[in-house]
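Asks: Attaching a single structure in structure tokens format; questions to follow.
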Amino acid sequence: MRILLTNDDGIYSNGLRAAVKALSELGEVYVVAPLFQRSASGRAMTLHRPIRAKRVDVPGARIAYGIDGTPTDCVIFAIARFGSFDLAVSGINLGENLSTEITVSGTASAAIEASTHGIPSIAVSLEVDWKKTLGEGEGVDFSVSAHFLRRIAGAVLERGLPEGVDMLNVNVPSDATEDTKMAITRLARKRYSPTVEERIDPKGNPYYWIVGRLVQDFEPGTDAYALKVERKVSVTPINIDMTARVDFEKLKNVLFGESLQTGRTY
């Protein structure tokens, strides 16, 4: 089996190293990851300049490249360079990736990119103190999250994903053990309420930080509720077709004030 591994924390992240060790038991692991921290880069691609690749020694990997680009760049580079894969994994991320805000996450977006190429994909994230989310994982124990990654990846490689599921978004609580239960969940509506804080520089000019206020109330059945309230491993099936499952007649009535039942064509 050929497995692509990437992340958004960078190729030197301890979370990526833990993922290599877990996945190497299942197949050949090809690592293509950003050379530097690229959290919150979403599904951005580098189109305005060339990207450069550097061979990096990653124990347990079949081959490893660091890319001076985004996580999505890494997936595109890997497929162009090495062909398709049986599975793509993004992680293990420092910090959870929950709710519809996974579209901001470089971790989740890399898995989404791989799934657009027809590759079953998994994004896996470990809940950690926010102060550790921009480091390389020093002092963080990834063993339990690696256990769940190996377990879930093995199941996907053996049985595939159900029809209509393109990727799995997995979040592991910081206090999880190998006996922690898993929950199949849906995305919460929101995890953060973003706003802007103003500061003044030494010359008296304003500058701004985008900051997120945590949302505390989550509906049962969501990924945020499973992780934050039930302390379970959340597994959310994702379909990259974001078309709303709505009766088109109702939307036509909103847009045009009439339905097809009147005989009117649109």
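A Cβ is built for glycine as well, from the same backbone N, Cα and C atoms used for every other residue.
Since we're looking at a predicted model, the values are computed, not measured.
The following feature annotations were taken from Swiss-Prot:
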BINDING   Asp8, Asp9, Ser39, Asn93  divalent metal cation binding site
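Where in this structure would I find these features, and how exposed are they?
Replies: Here the Cβ of Asp9 (divalent metal cation binding site) has 28 other Cβ atoms within 10 Å, regardless of which shown protein chain they belong to.
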Asks: Taking the Cβ of Asn93 (divalent metal cation binding site) as the centre, how many other Cβ atoms fall within a 10 Å radius?
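Replies: Taking every protein chain into account, the count is 31.
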